[in-house]
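Data first, discussion second: the structure below is written as structure tokens.
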Amino acid sequence: MEPKYLSAMLIPRPPSGCLLCAATSRCDCSCGRNHFTCAVSAFGECTCIPAQWQCDGDNDCGDHSDEDGCMLPTCSPLDFHCDNGKCIRRSWVCDGDNDCEDDSDEQDCPPRECEEDEFSCQNGYCIRSLWHCDGDNDCGDNSDEQCDMRKCSEKEFRCSDGSCIAEHWFCDGDTDCKDGSDEENCPSDVPATTCSLEEFQCAYGRCILDIYHCDGDDDCGDWSDESDCSSHQPCRSGEFMCNSGLCINAGWRCDGDFDCDDQSDEKNCTTSMCTADQFRCKSGRCVRLSWRCDGEDDCSDNSDEESCENTGSPQCAPDQFLCGNGRCIGQRKLCNGANDCGDGSDESPHQNCRPRTGEENCNLNNGGCAQKCQMARGTVQCTCHTGYRLLEDGRSCQDVNECAEEGYCSQGCTNSEGAFQCWCEPGYELRPDKRSCKALGPEPVLLFANRIDIRQVLPHRSEYTLLLNNLENAIALDFHHSKELVFWSDVTLDRIMRANLNGSNVEEVVSTGLESPGVWPAIGTKAWEADETSGMCPCVWLSIICPSWFWSVINSPPWLGGLAIDWIHDKLYWTDSGTSRIEVANLDGLPHPFAITVFEDSLYWTDWHTKSINSANKFTGKNQEIIRNKLHFPMDIHTLHPQRQPAGRNRCGANNGGCTHLCLPNNKDYTCACPTGFRKTSSHTCAQSLDKFLLFARRMDIRRISFDTEDLSDDVIPLADVRSAVALDWDSKDDYVYWTDVSTDSISRAKWDGSGQEVVVDTSLESPAGLAIDWVTNKLYWTDAGTDRIEVSNTDGTMRTVLIWENLDRPRDIVVDPVGGFLYWTDWGASPKIERAGMDASSRLVIISSNLTWPNGLAIDYGSQRLYWADAGMKTIEYANLDGSERKVLIGSNLPHPFGLALYGERIYWTDWQAKSIQSADRRTGQARETLQDNLENLMDIHSQSPPYMDDLPCYSCTCPTGVNLQPDGKTCSAGMTSFLIFARRTDIRMVSLDIPYFADVVVSVNVTMKNTIAIGVDPQEGRVYWSDSTLRKISRAALDGSQYEDIITTGLLTTDGLAVDAIGRKVYWTDTGTNRIEVGNLDGSMRKVLVWQNLDSPRAIALYHEMGYMYWTDWGENAKLERSGMDGSGRRVLISNNLGWPNGLAVDKAGSQLLWADAHTERIEAADLNGANRHTLLSPVQHPYGLTLLDSYIYWTDWQTRSIHRADKDTGANVILVRANLPGLMDIQAVDRTRPLGFNKCGIRNGGCSHICLPHPTGFSCACPTGIQLKNDEQTCDPSPETYLLFSSRGSIRRISLDTSDHTDVHVPVPELNNVISLDYDSVDGKIYYTDVFLDVIRRADLNGSSMETVIGHGLKTTDGLAVDWVARNLYWTDTGRNTIEVARLDGSCRKVLINNSLDEPRAIAAFPKKGYLFWTDWGHIAKIERANLDGSERKILINTDLGWPNGLTLDYDTRRIYWVDAHLDRIESADLNGKLRQVLISQVSHPFALTQQDRWIYWTDWQTKSIQRVDKYSGRNKETVLANVEGLMDIIVVSPQRQTGTNACGVNNGGCTHLCFARVSDFICACPDEPDGRPCSTGEFREVLWGNSICIRTTARTLIRSSSYPCYSFPGEGLHLSYIIGGLLSVLVILLLIAALIIYRHKKSKFTDPGLGNLTYSNPSYRTSTQEVKIETIPKLALYNQLCYKKEAGHDHSYTKEKIKIVEGICLLSGDESEWDDLKQLRSSRGGILRDHVCMKTDTVSIQASSGSLDDTETEQLLQEEQSECSSVNTAAATPERRGSLPDTGWKHQCKPSTESEV
């Protein structure tokens, strides 16, 4: 709770002659007739003076308001007469200084010429150019700040006032603009902020830490965090809760001041008692005694100002006279012969006035005046020149020492006779006003902590930026300017942090020993500390909260908020929240000032109440201004500027002063200091270790008190994550301190300096309250008040076992006596007692059982053989002999609540909870009591560091780890547990032995981090445990001792809720609620197969009955049910489907032939027979059962709500007992008896003759194949992989979906190191996958089974979106949208070459057609388009560039020779022919398609929005299906099929004879060289072009190459002859084939259209454009144009038809009116022949149609076509030859051109 502050300004008592207005309102003063009303003061005071005193040249009002605007008598000839009547020296005119104070002496001055590096002000001043537009009014007339507004960057938001803030601060619920414009006009669809569990959400959505909720402060800014606090959590210790829920300081209760918002702190109060240094007001309120009679109403009822003696009158202005009655008059009225005071004190005889003669005249001897004389009301009045003041004699003048006036000069001042001169310290420069100083260097920045962040603001401008954010509770801060570091304290984390001034490299500096480090002195520890900036070598500086040197300056203790030092004036400024003021400058009436900083002539401070940063003049406190308001919670503040940390001499020097640790400078030299508790060995060196010390625990930390030094200061051992330390012990042999933590339920240890910290025991602990080290045998003993056990282990936590578990009731402390062989412990349960037993638990004996209540601490005096104990209930410290005899009380008084106990030397030490102290006394007499430390909260155990040395060792007995039996020989232990429970607890796996008479859980120490372990299974044959982790999405296994850990399933899992191990068949089965599948695999994870995938909603538990061949599982989906099938998935049957809610656990009782399950919704455990009949309830209610298992005659289950494991009889449900409790996160459980024999394996010895998987079912077994692979006809063997499958990427994985089977289950291809896979392709020749990873910027490849991964292209890539393999030429193409290039290389990454690098915007998908020599790609840039080029990049052509949005995926149908693409912006899939013609929308209204591929009659695509893979019929666009759903991050998809990559070209044989790159083209091929020479000659055969960069070499003779670049061309003799033979032979064969084709076509030319098997041909009149470049189909749906014969017409203006041309190309008719194109088509026909593909018959012909001027209908047109015997042929021309037709694949082409309407087209 922060110190409270006053809610209103304190109003001073008015002086005589003054009226007083309320400070909270404005009023007009009226002084009546014949009086002048002075200006109202800042405190509301009104002063009245006689009217004749106005304009008499005398300061009667005290503020010169009676002389303002008056014209005084003419100044002397040596002076200048200011407009306001003031006289100044004429030499001061036009000197750049405002000496008249109205700037009249600087008007009409000739312009001053400024230097080149100066800025000329409008008033004639010259300032530095650097000061122009720096936010500071350096000119004095603000002309240097008339600047244009700074332009905000793209990542900034411009406020209405022109300032810039971070863009993400706009509409974030926090007012960041000074004018609040960033929170205006916010869109209504801004997503609602969600706060974490540790945060509170304000009414407008902002999140603050929950600790600020109901803390009395407006942290939200709208007080919503302080509303509805009545049900808030109780207040902390030392606080009082108001009826509204607000927490205030308990000391404010009944203090007469309403601190609660509902005034409940002052209700039901008796008369309050004030302390000796306080005054009690009439209202009962207590105020400081020093405030009594100080002229201010501090009690609010003025009772502190009553009955006060007149201690003095108000102070008058320097040029005024104080009358005897307290009135102030002008100095000139002194001795003027008039009773101006009213009591005559201004005249004789009270004053030594010179008698007046009546003949006084200024012309006579200057009227007796020393300097200036003037006549006023007939009398002489003397005045002085500027810089002098009139003495009391009224005649003489004295020099005014302006330097004595505070703030007259900003820094330095030198006085001279009648004048003065200001000067500045180094690093500052005098401003043009010649009085104030400006710091040189960068513009000052105010750095302030805002609790949740650290921000910086420019004090003279509105610039406001964020430095660090996402902080917990930043309070204090400071900076190191030269090292560019910022330091801050966090009171929530209790840390001191640091970072670079740019916000980077955040790290801890001090993380221990701090409690509420609000400022550098830690308030909780009440000590100021010194440290290095790195956090090393901390030491206590002053061990009091406020050091004495500070109190010598400030007499009464304030509520200190902030301190600031003015280095220039050697002044200390501080904020006092209690008096609501800043002192030294004495700024009163501030709401709640906290921190303060000073720079130049200004003070800056933060205010908690107004949530603002403010400024004022540091000398006068005036000119208050709000720099920034509406802040979250401004805390500490500093001015970031080099002059705030001026350079000085480092007294410690470069070698740290020769000190081994800390060097601390003083005002003369330096002193070496040691870390707390370490003694000095010399003036410069410290001891390296502690010799004598005490250890004690304070819950949140562990501390030590050194006896090596006299101050006995406590020092925190730097430990991490200490939450609630209770018990302590010390091992002097290894220098380890051990402690228990009841919050984390763990035992840890560390070295004395905090190093080597580690957890020793952290399992199966509930409340470890006592701890003892057997330093002889290195054993660790502890008590557990939660489990009521005493356990022992090695000091490293190994070989743990339970010693005593019976008849214990909350055991507390424990000590050991290794010499005597005994251990002692206290028990403060229902029957408190102190017991002892042998250190092996033998000879147990109660030694003290009477007069005990809460026996806490124990200690053994090994010398006197005594046992000491502390009893918090009896409030005593007692001792007795080690057998309990001769019991005596050592200390029986003044012990409120003793807890820990320790012996050292001749004294006994103890901690006391209530006294909050560590005390000591004589160990024998209890006398000489002393307090070592007090005011220590949460004190726990205490221990000394040195046990005695032992020579004689007692005999010991052997024991075994927990759960393992000792063999009959009494020395050896069993190999492990034979009968046990094993259960999952999300983050670990534990076992409970059933071999021993008690239940104790032991962690299976697997060396792996578990996140969310759910299901569990055991293989008793090999002694392995199997488990699933739904967060890590994997199934793992390990030996029961934690060794041999391995992951067996790491892909394709989402939420594996159920798992069962078939130890007989050596299989593991599991259910997956995320994928809704049931799968099986070998125990090593191989041979994985999906068994059930249909009609599953949320399968959970699974159980097996191998002998019967059955598999059972529960499904807790929308229609909960319990099902059964064969263990091969056959014979599926629903057993129970009614009255089920959340069927969780499932178990098969083989002996009782029944099925048992636990239902968490119905809160029952039920049973039925194995067919689902005879259903009955065993137990009800059970709160929330989850896992269920059985062994022998018992069932065991885990319960989420009770966090326990329970047991009951399996037949009746009776005899329920608690096995283990306090186990959060309980999941699955299994009971195992490894002695039981396994059953018969149905698959026999040879795996049933199956090549892969053998699975039992009720009548035998069946063979199966891994997922996606079909079983062969022999029903025993499988292929190694599927023949045809989809291959797709999902960023972090590559998966396949077999198209050979119907389940469409995805299987991960185990390619390693996948980060962000985008594009895919494959090579059927080598069986390789190629893929791009845009996270690593690489192209890699691997075998199709995931092995042999290697990097193909590893550099020079940015964003490779597309990938294509030329399986014929062995080339790899890719698009790089980051570099806007298309590149190519050999498949091994060699011979890399850029093909296209111009006119590309965002190239994405790419596809190759090696047989045609084409390369296609999409570009979704500013102008989206689909392009085509030859494989060498030549003959580039835009196919489609209209009606495109985001063309993402692209694929080729090699059979129908069409391209398909997806458009993610228009949400459709389209196709066109290879020339971009005959464009067709296949399907529209798809969500967000990304990639697509084609196989048979299907188009497959990935969709980002639906997160699925879908398919549709490629001909009709119908039969849309979802192949796979719920897949995150879907990217590319391809088909792997033996029919996909077929055909060849000239590059397919010997790389076309090229040495590097070979590119097939439409009619030839070309060789090319890489962009970077590889050292090999680049050559080719004859008659071929060779590409060298951008030049072409052409062979002109058999041995010569000509080119134009500097790259050498080589020729190789002999190669041309060999290649020419090959080419000639190929051309001869081609000619023969063309002749044969022509003959066949001629014979069937007439019969094709008249064949009755083909039917009649009809035609329609489709919509078309006159341009032949593009055919755009406007309406959908429509028939596929390539399914029929078609034509296009050109109509004249009269709708008649003229002579037209019809192109019939490759089975598709195109119309063209261009004769040149028609001729080209003829040449194409003659050159290419009639058969263009080996399995598709296509022809080219022309038809000339002669038409009359009349119109032709479709029938006439058809007749005309028949007469001309033209044709439009397709593969169906072979319909008359069935043998030919049967050998061709189905391409989907029809036998006839059916009629269609225009709308359909």
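Cβ atoms here come from the backbone N, Cα and C positions, even for glycine.
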According to TrEMBL, the disulfide-paired cysteine of Cys195 among Cys177, Cys207, Cys214: Cys207
Candidate in Cys152, Cys159, Cys202 joined to Cys177 through a disulfide, as TrEMBL lists it: Cys159
Candidate cysteine (Cys281, Cys286, Cys293, Cys328) that TrEMBL pairs with Cys308 in a disulfide: Cys293
Residues of the domain 'EGF-like' (422-437) by DSSP state, where helix covers H, G and I: 0 helix, 6 strand, 10 coil
Residue distribution over DSSP helix, strand and coil in the repeat 'LDL-receptor class B' (1153-1194): 0 helix, 24 strand, 18 coil
Packing count at Cys341 (disulfide bond) (other Cβ atoms within 10 Å of its Cβ): 21
Chain residues outside the repeat 'LDL-receptor class B' (1153-1194) and at least six past its termini with a C-beta under 8 angstroms from it: 979, 981, 983-984, 994, 1016, 1101, 1103, 1105, 1108, 1110, 1112, 1114, 1122, 1124, 1135-1136, 1139-1147, 1200-1202, 1206-1213, 1216, 1226-1233
Neighbour-count leader, CB within 10 A, disulfide-bonded residues: Cys94, Cys121, Cys220: Cys220
Best-contacting stretch, by C-beta pairs under 8 Å, relative to the repeat 'LDL-receptor class B' (1413-1456) and drawn from 821-864, 1109-1152, 1327-1369: 1327-1369
Candidate ranges 865-907, 1023-1065, 1066-1108, 1109-1152, 1457-1498 - greatest C-beta contact count to the repeat 'LDL-receptor class B' (778-820) (under 8 angstroms): 865-907
DSSP-derived helix, strand and coil totals, residue by residue, for the repeat 'LDL-receptor class B' (821-864): 0 helix, 23 strand, 21 coil
Among Cys109, Cys242, Cys293, which are recorded as disulfide-bonded residues, the nearest neighbour of Cys139 (disulfide bond) by Cα: Cys109
Candidate disulfide-bonded residues Cys100, Cys186, Cys202, Cys214, pick with smallest Cα gap to Cys341 (disulfide bond): Cys100
Around the Cβ of Cys171 (disulfide bond), the count of other Cβ atoms that are within 10 Å: 15
From disulfide-bonded residues Cys82, Cys94, Cys242, Cys308, the one whose Cα lies nearest Cys171 (disulfide bond): Cys242
Candidate disulfide-bonded residues Cys100, Cys121, Cys186, Cys308, pick with smallest Cα gap to Cys87 (disulfide bond): Cys100
Within-chain partners of the repeat 'LDL-receptor class B' (1327-1369) [C-beta distance under 8 Å, separation at least 6 from its ends]: 1281, 1287, 1289, 1294, 1309-1321, 1375-1379, 1385, 1387-1389, 1392, 1403-1408, 1410-1411, 1415, 1417-1418, 1431, 1450, 1532, 1536, 1541, 1543-1545, 1547-1548, 1551-1552, 1557-1560
For the repeat 'LDL-receptor class B' (1370-1412), the number of residues DSSP places in helix, strand and coil: 0 helix, 23 strand, 20 coil
Number of Cβ atoms other than its own within 10 Å, given for Cys202 (disulfide bond): 22
Local confidence of the prediction over the repeat 'LDL-receptor class B' (1457-1498), expressed as mean pLDDT: 93
